[in-house]
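Here is the structure we will look at, set down as structure tokens.
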């Protein structure tokens, strides 16, 4: 985070395109690990039914940044000429310096895993580990093994979650990068006015993200929220595609609200859903890394879909592309929900109900192995099973 803050600040000091490109490359390289790393980190501290609120609180900060970033950019845009710098350069310099201060101050706030957290007492560490073991069992244990990591590459869910996340990532990149341009196409707005008009949809998006997170954890459901919000996003994009620009600006602005308020909770829900459904620490790390890496393709696609030459059409090709990807998120969510529910029901029929919320699984107990059909397997082999273990139930 410190390094990306430095390179972000340097982006405001460049004097040619080559320097800007180099700084942007370095910024992306050092920034790329934060989002997947922190979301994976949360899975090591909270039970599965507690994760959505935490992940959404983290992502909600990014949503609010989209809201207040517009106001911030509007203000900094008026610094044009100060110190011989353009207004856009001051945005990079000041935001980079703020990031640096936060990065340094947070150094001692982030601890590794619960078993090594120095701010907890011995009893508190044991209690946290007990809760996690009772919830996910195998997902919290085991040392590194290539066999466990390999399962992340070979599990079909990894690739469907990748498509699911690309579906919403393309939309969120479209909104974050081109929202002012889309708003500008509604009428004869100046760039600064477009920045301000892009703020209210992000405020609403923060609200829908947090409400969805609360209900998702309360009901312990993920897929149904993806299906609902992807439908809302599709409706919004249909309006943006179907209605000509500057004819009914109020309806098109309403469509911007629909898409923005829907996409934000889709991101946090998809992230939480992914982390919930991979057992074994290292399989989960591989799967989540692949899912987040695939999501970066959304940024590449959106940057090519919204072209300056399409401004007169209200960016119809870009909105149509986002429509297709929002639909892809909904379709893949249905696929994941259906097949994971099918597997849960099979395990219920063959092995009975899963362990209760307070029942810690004792893997070395012969009765335990007999109950779950694991006779003849070593402890290490059982740990590698992860979400393939008959006691594991997928979160729908």
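Every residue, even glycine, has its Cβ placed from backbone N, Cα and C.
Straight from TrEMBL, the features:
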| type | residues | note |
| --- | --- | --- |
| DOMAIN | 1-345 | domain 'Major facilitator superfamily (MFS) profile' |
| TRANSMEM | 21-43 | transmembrane segment |
| TRANSMEM | 55-76 | transmembrane segment |
| TRANSMEM | 88-110 | transmembrane segment |
| TRANSMEM | 159-183 | transmembrane segment |
| TRANSMEM | 195-215 | transmembrane segment |
| TRANSMEM | 227-245 | transmembrane segment |
| TRANSMEM | 251-273 | transmembrane segment |
| TRANSMEM | 285-306 | transmembrane segment |
| TRANSMEM | 318-339 | transmembrane segment |
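Only sequence-distant pairs (6 or more apart) were considered; of these, at least three Cβ pairs between the transmembrane segment (285-306) and the transmembrane segment (21-43) are under 8 A, so the stretches are in contact. Beyond the ends of the transmembrane segment (318-339), by six or more residues, the same chain brings 157, 160-161, 163-168, 170-171, 174, 178, 182, 223-224, 226-227, 230-231, 233-234, 237-238, 240-241, 259, 262-263, 266, 270, 273, 298, 301-302, 305-307, 310, 396 to within a C-beta distance below 8 angstroms of the stretch. Outside the transmembrane segment (21-43), and at least 6 residues removed from its termini, the chain residues within Cβ reach (under 8 Å) are 1, 3-4, 7-8, 10-11, 14, 51, 54-55, 58, 110, 139, 271, 275, 284-285, 288-289, 291-293, 296.
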